[in-house]
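So the structure is just underneath, and the comments pick up after that.
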Amino acid sequence: MDYHLRVLFSVSLIFVFVSVSVCGDEDVLIRQVVDETEPKVLSSEDHFTLFKKKFGKVYGSIEEHYYRFSVFKANLLRAMRHQKMDPSARHGVTQFSDLTRSEFRRKHLGVKGGFKLPKDANQAPILPTQNLPEEFDWRDRGAVTPVKNQGSCGSCWSFSTTGALEGAHFLATGKLVSLSEQQLVDCDHECDPEEEGSCDSGCNGGLMNSAFEYTLKTGGLMREKDYPYTGTDGGSCKLDRSKIVASVSNFSVVSINEDQIAANLIKNGPLAVAINAAYMQTYIGGVSCPYICSRRLNHGVLLVGYGSAGFSQARLKEKPYWIIKNSWGESWGENGFYKICKGRNICGVDSLVSTVAATTS
């Protein structure tokens, strides 16, 4: 029996795929690196048990257990393919490894709608780009709240919206306040002017620009602690206007130009961004720079910075990257963050970028 091992190391536990050939049939195992000197090779069933324990997975029946096990094995194969297509990142087992692609899209993504601007949106003015720094990160400047978790609710758009307004409010007032996604989930039903019937609809998806339009019309957002997140929709709107703490003065869409995106990021704070999340289901860390990735947008995230030292296997050189704040909790990715290559609009990351300004009072 021949074992072909490919080991990927990270600071914490990571997962490495091992392809084993037995009588001409290929099976997929995973090596879990617990100790670099004493690695233990586990069968996929044993690893599924560890996966359930690590992420607190409980299934209601033996049938559900075996169904999820089959999905888990399929996702191991998918993660292997992602590793080959995206070698500068690390792909493997995540909390989403027992979900089908359709379940993942429905429960953890949620951007929908077209690209026509709401009536109160503008095209962002062209900014000078001659002296942009090589690296920039709003996390080091106090404009980014801790990573949040949308749960099994397609409300990513609301987290992207609040993240951008949290940063803008910080720039306007010097105060970092965590804002309420649940207010958007419950109260925002603004519609995309390009696509009839495509409206912000809680856990069933929405669009950041529509949410900015709602926030502008409503007067602003409450604190998260005053209107806490539940990860469910269908409830009544509990907006208390006397508790609004952050308001939008204007918002605009940035052109598909990475220097302009960087300039707007530096001047205006974290930016609301849409992306294709195909590679994010299996992402563990590193700089994601896939050879091929659709630009069909399906996930709302927050652009908080960029770096200059991510190695790209495709380009065989250091490649600059965007730093993305996600809304799947700190156990996903690099403590809740995602790095993706700059330079080619990979996964559509440059296609729909919005900046918002907050009022000073």
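Each residue's number is its place along the chain shown, starting with 1.
Using N, Cα and C of the backbone, Cβ positions are placed for all residues, glycine too.
Owing to the predicted nature of the structure, the values given are computational and were not obtained by experimental measurement.
Annotation comment: Swiss-Prot describes Cys156 (among others) as active site, evidence class sequence analysis. In this structure, Cys156 (active site) is part of a helix by DSSP. Sequence-distant contacts of Cys156 (active site), defined as residues of its own chain at least six apart whose C-beta falls under 8 angstroms from its C-beta, comprise His108, Leu109, Gly110, Val111, Gln150, His299, Gly300, Val301, Ser327.
According to DSSP, His299 (active site) sits within a strand segment. The annotation active site is assigned in Swiss-Prot to His299 (among others).
Cβ neighbours within 10 Å of Asn326 (active site), excluding its own Cβ and spanning all shown chains: 29. Positions annotated as active site by Swiss-Prot, on the basis of sequence analysis: Asn326 (among others).
Cys203 (disulfide bond) falls outside any helix or strand according to DSSP and counts as coil. In the structure as shown, the Cβ atom of Cys203 (disulfide bond) sits within 10 Å of 20 other Cβ atoms. Under the heading disulfide bond, Swiss-Prot lists Cys153-Cys203 (among others).
Cys237 (disulfide bond) has a Cβ environment of 13 other Cβ atoms inside 10 Å. Marked as disulfide bond by Swiss-Prot: Cys187-Cys237 (among others).
DSSP assigns Cys293 (disulfide bond) to coil, not to a helix or a strand. Cβ neighbours of Cys293 (disulfide bond) (same chain, under 8 Å, six or more residues apart in sequence): Asn276, Ala278, Tyr279, Ile346, Cys347, Gly348. As annotated by Swiss-Prot, disulfide bond applies to Cys293-Cys347 (among others), with the evidence given as similarity to another entry.
Just so you know, the Cβ of Asn250 (N-linked glycosylation site) picks up 15 other Cβ atoms within 10 Å once every protein chain is counted. A strand conformation is recorded for Asn250 (N-linked glycosylation site) in the three-state DSSP classification. The N-linked glycosylation site annotation in Swiss-Prot covers Asn250.
Here Swiss-Prot flags 1-24 as signal peptide.
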Number of other Cβ atoms within 10 Å of the Cβ of His299 (active site) across all protein chains: 26
Residue from Cys187, Cys237, Asn250, Asn326 whose C-alpha is spatially nearest that of Cys203 (disulfide bond), among the recorded positions: Cys187
Residue among recorded positions Cys153, Asn250, Asn326 with Cα closest to the Cα of Cys187 (disulfide bond): Cys153
Asn326 (active site) versus Cys153 (disulfide bond) - Cα distance in angstrom: 14
Cβ neighbour count within 10 Å of Cys187 (disulfide bond): 22
